[in-house]
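Starting off with a structure, shown below.
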Amino acid sequence: QRTRRLTLSMDALCPSPPGPSRPQRNYERIGGRTGTSFCQTLIHLLKGNIGTGLLGLPLAVKNAGLVLGPVSLLCMGIVAVHCMRLLVKCSHHLSAKVNRPSLSYGEAMQYGMENVSWLRRHSHWGKRTVDLFLIITQLGFCCVYFVFLSDNVKQVVEAANATTFSCQINNTNQTQILVPSFDSRLYMLCFLPAVILLVFTPNLKYLAPLSLVANLVMTASLILIYFYSLTNIPHPINLPKVGRAKDYPLFFGTAIFAFEGIGVVLPLENKMQRPQKFTLVLYVGMGIVTFLYISLGTIGYMCFGEHIGGSITLNLPNCWTYQAVKLLYCFGIFITFALQFYVPAEILIPPVVARVSERWEIAVDLLLRTVLVIFTCALAILIPELDLVISLVGSVSSSFLALIFPPILQIVTFHTEGLSPLVTAKNAVISLIGLIGFLAGTYIAIEQIIARNSLKHEETFSSYMVQ
């Protein structure tokens, strides 16, 4: 089951207290069983929500405006946490109703739909739909990682000859003397063999030491990024308080991409030693996450202004300290690729492997993993624009998982128990906001992708004609 697979991946990162192995544990909906502590669950929640999305938020704030951006992030954080709470509440109710110790997100949707007579026959599609969007989201994360790795490593390589020990800011905060190198898409192809070997890891526990190092270096990198941004804010600040209306859907996509940690909520709650304390973990953890999002998004935009890139790391000065920050963060993202890839691989591969003879199981498993990684790399090569890939993935899939599905799940779960009209109206509004964000964000992101590709083709053609 997906819940078990997700929690197995978390076991690899932060082992539970000593006790019986996971299949032997008794999953009662009460405390007193072996599982993760309050602090361990909090750390898992933070790790599940902090990634490349955080680094893209300064550009998101630029798209929304210096005042509207932080206010919108706060509102989105409140709504996202509320939807996570709804998911946990519905899971509790349904697991007690069907006499199951725990449910995954997809199973909760399936059993919720069984409460509605005219949806009962098609309830299995609820689970399939949620799993589909989980796969799209996780593979989308993997595409973003390819683009992030190529853009940052390309920048480090091109600036290598001009890199100094001085970290003084200039007008765009980037060294002007760059040595042109390969196209960023060729860097993606260079990373491809290493990523394929990484996902061949048979058990995520083998990556636990590297994952611990990756978490430490990413934390150190974030501290240095905060320090640089805070100490280099120009005065006076003449930035628009409200951005262009056309750019707001791009803000929505990037922000919901960052807040899409709902996929880890139920696995964490199911694995907790005292699940009745999970609500407190959720509020504390997401409060920290929301603060980080708003602060880095605002400070980063105030520091770099109109020149802010798809990731704030691309704006750091080309001195050795911050070149090291870029490379260290790339290492962390590289290791995280295996964790994000684990979820879609465990949903898609086992049913196929089960159809082949035992002697071919390993070969088919490795082949399918290779095909999936090549597929994500190919998508990244087709859209090598970090900010637009983040916004597109957020708009297409994260909006459904984080905003649209949870309110619908509450309506179908408590359909027979009489939800108040106010709650139903509130849920309808949240889902409608998610749907509008999905439509507008997807449309604008695709439009911008087409426009940038056309511009690149024109520039390439012009340079060819000049030669």
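Note that Cβ sites are derived from N, Cα and C of the backbone, with glycine treated the same way.
No curator has checked TrEMBL annotations; they are predicted automatically.
As listed in TrEMBL for this protein:
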{"type": "DOMAIN", "residues": "35-446", "note": "domain 'Amino acid transporter transmembrane'"}
{"type": "TRANSMEM", "residues": "64-88", "note": "transmembrane segment"}
{"type": "TRANSMEM", "residues": "130-148", "note": "transmembrane segment"}
{"type": "TRANSMEM", "residues": "184-200", "note": "transmembrane segment"}
{"type": "TRANSMEM", "residues": "207-228", "note": "transmembrane segment"}
{"type": "TRANSMEM", "residues": "248-268", "note": "transmembrane segment"}
{"type": "TRANSMEM", "residues": "280-304", "note": "transmembrane segment"}
{"type": "TRANSMEM", "residues": "324-345", "note": "transmembrane segment"}
{"type": "TRANSMEM", "residues": "366-383", "note": "transmembrane segment"}
{"type": "TRANSMEM", "residues": "389-409", "note": "transmembrane segment"}
{"type": "TRANSMEM", "residues": "429-446", "note": "transmembrane segment"}
Within this structure, do the transmembrane segment (207-228) and the transmembrane segment (248-268) have 3 or more Cβ pairs under 8 angstroms, counting pairs 6 or more apart in sequence?
no
Hey, which bits of the same chain come close to the transmembrane segment (280-304), Cβ under 8 Å, at least six residues off its ends?
38, 41-42, 45-46, 49-50, 54-55, 57-62, 66, 69-70, 73-74, 77-78, 80-81, 84-85, 88, 173, 222, 225-226, 228-230, 232-234, 237, 239, 255, 258-259, 261, 265, 268, 272, 312, 315
With pairs restricted to those 6 or more apart in sequence, evaluate whether the transmembrane segment (389-409) and the transmembrane segment (130-148) have 3+ C-beta pairs under 8 Å.
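Yes, the stretches contact each other.
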Find the member of 184-200, 324-345, 429-446 that has more C-beta pairs under 8 Å to the transmembrane segment (366-383) than any other listed stretch.
184-200
